[in-house]
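Copied over from Swiss-Prot:
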BINDING   C434, C436, C440, C444  Zn(2+) 1 binding site
BINDING   C440, C472, C478, C482  Zn(2+) 3 binding site
COMPBIAS  7-20  compositional bias 'Low complexity'
COMPBIAS  107-118  compositional bias 'Polar residues'
DOMAIN    205-352  domain 'YDG'
DOMAIN    432-490  domain 'Pre-SET'
DOMAIN    493-637  domain 'SET'
REGION    1-24  region 'Disordered'
REGION    95-129  region 'Disordered'
Amino acid sequence: MGSSHIPLDPSLNPSPSLIPKLEPVTESTQNLAFQLPNTNPQALISSAVSDFNEATDFSSDYNTVAESARSAFAQRLQRHDDVAVLDSLTGAIVPVEENPEPEPNPYSTSDSSPSVATQRPRPQPRSSELVRITDVGPESERQFREHVRKTRMIYDSLRMFLMMEEAKRNGVGGRRARADGKAGKAGSMMRDCMLWMNRDKRIVGSIPGVQVGDIFFFRFELCVMGLHGHPQSGIDFLTGSLSSNGEPIATSVIVSGGYEDDDDQGDVIMYTGQGGQDRLGRQAEHQRLEGGNLAMERSMYYGIEVRVIRGLKYENEVSSRVYVYDGLFRIVDSWFDVGKSGFGVFKYRLERIEGQAEMGSSVLKFARTLKTNPLSVRPRGYINFDISNGKENVPVYLFNDIDSDQEPLYYEYLAQTSFPPGLFVQQSGNASGCDCVNGCGSGCLCEAKNSGEIAYDYNGTLIRQKPLIHECGSACQCPPSCRNRVTQKGLRNRLEVFRSLETGWGVRSLDVLHAGAFICEYAGVALTREQANILTMNGDTLVYPARFSSARWEDWGDLSQVLADFERPSYPDIPPVDFAMDVSKMRNVACYISHSTDPNVIVQFVLHDHNSLMFPRVMLFAAENIPPMTELSLDYGVVDDWNAKLAICN
């Protein structure tokens, strides 16, 4: 792995500090920076660029590199271990004074309350050092990806913790906390605790560990990842006042349709500069060549690519929008034009760099169409549009465009696990439930069963994994809307079983699955130990729930890096889960989920219709944010060379 520094010369005079305006809504500016030309508006850009260059004392070496390479990255590199240092002739090597790293200062649990005013140290400012990370091998990428996963896990856990703390203060039926407000609070707390990624550098190009197609639900989450450094501005850039040569450089943009003159064509984007809008999102005055607008022009001049994140309206249980990382684009042209409202705006033509994975926004739109009109985008390959035959709340598609195999149609679909006869009769006398008419809350019997905390938030998201979750059952007085009734409501997201060259059969979702979201039950015919031994001797392959591994999710809900006095809750041990499931004749969609030691789905044991600790239901939850059309995977707790999916499906 290497990093290359942008050639910035500290001897050059910096320009005044340029503060980015909020996007898409900004305050109106009182003074115009220019008068709209009567003839060619594009001449304004040439004039502004010319004046900027004349006022800047460039060295001859720097001019030579800039004009010949059209790039801010030097072509000659000296290799020192894993760091690529630019040729000193370009003026790129800038001595940086070593400042001692500030110590992390975790909050106390009481600091999460808005009623507690705590004086916090001023967070460390972002670095002004621009680098590009190169030569990331598979193992390094895996480590970066794991670091991203853990950081996102802390962010999601903290955001939900803050939401639940406010809900406790407001009581059952009280005012709910604003999701975006707590998202910002969680981001700020992680910044104060030095948990933001890549804050010690500004990365140009790809962020190691962040993949094209990754989905985020809040702008602050983009900041935590280092993908986009400003929670409100649509253009993230290094300001001229921080740049050693006085030139701002853009590193990423958010395309959210906030400007009326934007034109998004997928691989090509006509991006409107920032500024000049009123509170209603209408262009109310001319834009100026400053801040992010100037940074975009400078990145175009030097050939520096920018990361593009698209913000899309997408109703879900977490927020009303999603942000999708769509990869790297180059700014190939810029001009000044008259916008739809008659005011001058800067426009930039962005073209996607070839050779990248398919854009996540395109996949998202494709999956939306599959849910409503699948044959319009996939005229061949669909075998059945509901293999559950109406037993699930939503249809389960079956798709195969590889061969003529239709095996999933030959099994009886089982929406829930079938337990041994008499189990429910034996347990009915021991049934006990809550009397929460409006839904479970503090002091509830079901809360006590779950070690003093309900396992889900008010959106039905799993707060943290437990050995066993007791959901409300038939003996409880709470309504179906109770937040302690999640898995018993059944399948809610659209799933598709598909033929795969790698795994035989696989499962993917047509919906966005956020971390902690319930997916479905893993259903089959439950067998006692004695029954399982007999079938095993006959050569039948069984599924053993106790073998499922969810070790990668054990840290979910651990906030010890943010809250100094946080104590991880302890839960009572449960008897070993000692039953098997036969799926040779009856099964559901979950049985086609592939095996992986790096899964994106976890197993959670749940009870709701009986009290036998020996026979919990096997429920599946998303272990991370899963984009549409991404294959789901489970860790079946078997060795890597073992046949995928326990040889169930092939």
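Cβ atoms are placed via backbone N, Cα and C, with glycine included.
Features as recorded by Swiss-Prot, highlighted on the structure.
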{"residue": "C434", "record": "Zn(2+) 1 binding site", "DSSP class": "coil"}
{"residue": "C440", "record": "Zn(2+) 1 binding site", "DSSP class": "coil"}
{"residue": "C472", "record": "Zn(2+) 3 binding site", "DSSP class": "coil"}
{"residue": "C478", "record": "Zn(2+) 3 binding site", "DSSP class": "coil"}
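A C-beta separation below 8 Å, combined with a sequence spacing of at least six in one chain, links C434 (Zn(2+) 1 binding site) to C440, C444, L445, C446, C472, C476, Q477, C478. Between C436 (Zn(2+) 1 binding site) and C482 (Zn(2+) 3 binding site), the C-alpha separation comes to 9 Å. Annotated Zn(2+) 1 site C434, C436, C440, C444; additional same-chain residues within 8 Å of its Cβ mean position, judged by their own Cβ, are D435, G439, G441, L445, C446, E447, C472, C476, Q477, C478, C482, N484. Here C482 (Zn(2+) 3 binding site) comes close to C436, G439, C440, C472, C476: these same-chain residues lie at least six apart in sequence, with C-beta atoms under 8 angstroms from its C-beta. Other residues of the same chain near the Zn(2+) 3 site, with their Cβ within 8 Å of the Cβ centroid of C440, C472, C478, C482, are C434, C436, G439, C444, C446, C476, P479, R483, N484, R485. Take the CB of C478 (Zn(2+) 3 binding site) and look out to 10 A: across all protein chains shown you find 22 other CB atoms. Cβ neighbour count within 10 Å across all protein chains ranks C472 highest among the binding-site residues C436, C444, C472. Taking the Cβ of C440 (Zn(2+) 1 binding site) as centre and 10 Å as the limit, one finds 23 other Cβ atoms among all the protein chains shown.
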